[in-house]
């Protein structure tokens, strides 16, 4: 038994508790779906109304932290002594592919409809004002602010991993400067790690819960195969198998090649939509939306709507900030891993500038296309959602484009590869966080990574069985609460240690 543990490298205190907790929650959910939905609604209401303001302040403070890194004393510090492991182009593509997935294609195609039909600031639904502000809010939720949060934590983890030469990558390992070695490696650190892992597992499950219906609806459109929960389960199984093949190739091949393919295909598909949908309108709408964003930015940053209580900031801004918070550590660990040898300023600028440009292009093109289809009465999104669900409405926004069959094939392949790259990045981090010893330059065990991807697939199926967007939103928001505090502790620990040990 001792030799087996040494071979697999599993750390029992952070490997088994998340398995047990997630297993119990899944069993309770499947046992009574109606009761689970009641609990989900109560949790969503409590967290968004009681803690929404904290998420908004957190994002603002982290933005100031990004400026401090870029222009402060650590800007020219190098994260490791080696040259960069990946070319700049592959580095940017890997970041883009790992931080986005079919879940992003999901929101990019439909988000603007929700903003227009239930707008903020007391605007009339479907009014001119609501349409003018629709894309601006997407640019806000998927712009520099959240990417700055990721870049700050990526610097922190790269510092601990490559500069301080820490052997284990998990949140508790970075807290030694803040709480001391006794607490970081004791019960407190174990609790922190388990909170992180449970939240991350459910976050990954929500991404699969959003991505899978898109693929199955594509299959129904292309092949006439009825969309069922069983088909969703088959698709998730295919993702896990393909992920295992990628992992067997190692991070260099298994991670970079699908990421590059996914990125090139993304821009190819977006270019097609841009050309055939209406390039002039898209550019005009984007330009106007940037102006709206700049005009409303202070209100957006601190909008909680405590008087009118319309629910927009709770349902969207708080939800998205929780989305970014819950993925921040996991993605920052992965991004730190592929950023060895780069300077702090290079990492911060590369992430914020490159990834903001990528997400802004995606949301502008897809959101503008959806708005045009609605205004021209080509598709009726409310009816599609009511009769068939959100995924069908999204598919119809793509099927309405010229050369619909070729377009749908491209979208189908893109969604499939996009989710493989996401599962690859997430399972890598889960395996790193639950192994006893993964030294600099080593990869976590193959079976551990595959095992985590299987568990995440089960979570995705459970969320799909619940139905609707609310369970997915609640899973993100509830998981974001404990990680909100963990992220703050990691940030403070990095600042404290860097001041003492990262001097000229």
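In case you wondered, yes, glycine gets a Cβ from its N, Cα and C as well.
In Swiss-Prot, the annotation transmembrane segment applies to 231-251, one of the ranges 231-251, 294-314. Listed ranges 398-418, 419-439; the one Swiss-Prot annotates as transmembrane segment is 398-418. Of the given residue ranges 174-194, 195-215, Swiss-Prot assigns the label transmembrane segment to 195-215. Residues 66, 69-70, 79, 88, 91-92, 95-96, 99-100, 104-105, 108-109, 111-112, 134-135, 138-139, 142-144, 147-148, 150-152, 154-155, 158, 266-267, 270, 273-274, 277, 282, 285-286, 289, 335, 339, 397 of the same chain lie 6 or more positions beyond the ends of the transmembrane segment (347-367) yet place their CB under 8 Å from a CB of it.
Counting Cβ pairs closer than 8 Å to the transmembrane segment (10-30), the top stretch among 51-71, 143-163, 195-215, 316-336, 446-466 is 446-466. Against the transmembrane segment (143-163), the recorded stretches 195-215, 398-418, 446-466, 475-495 differ in Cβ pairs under 8 Å, and the greatest number is found for 475-495.
Annotation: stretch 316-336 has the most Cβ pairs under 8 Å to the transmembrane segment (51-71), among 195-215, 316-336, 446-466, 475-495.
Counting C-beta pairs under 8 angstroms (sequence separation of 6 or more), the transmembrane segment (316-336) fails to reach the transmembrane segment (446-466), with fewer than 3 such pairs. Stretch with the most C-beta contacts under 8 angstroms to the transmembrane segment (446-466), considering only 195-215, 263-283, 398-418, 475-495: 195-215. For the transmembrane segment (263-283), the partner stretch with the highest count of Cβ pairs under 8 angstroms, out of 195-215, 398-418, 475-495, is 398-418.
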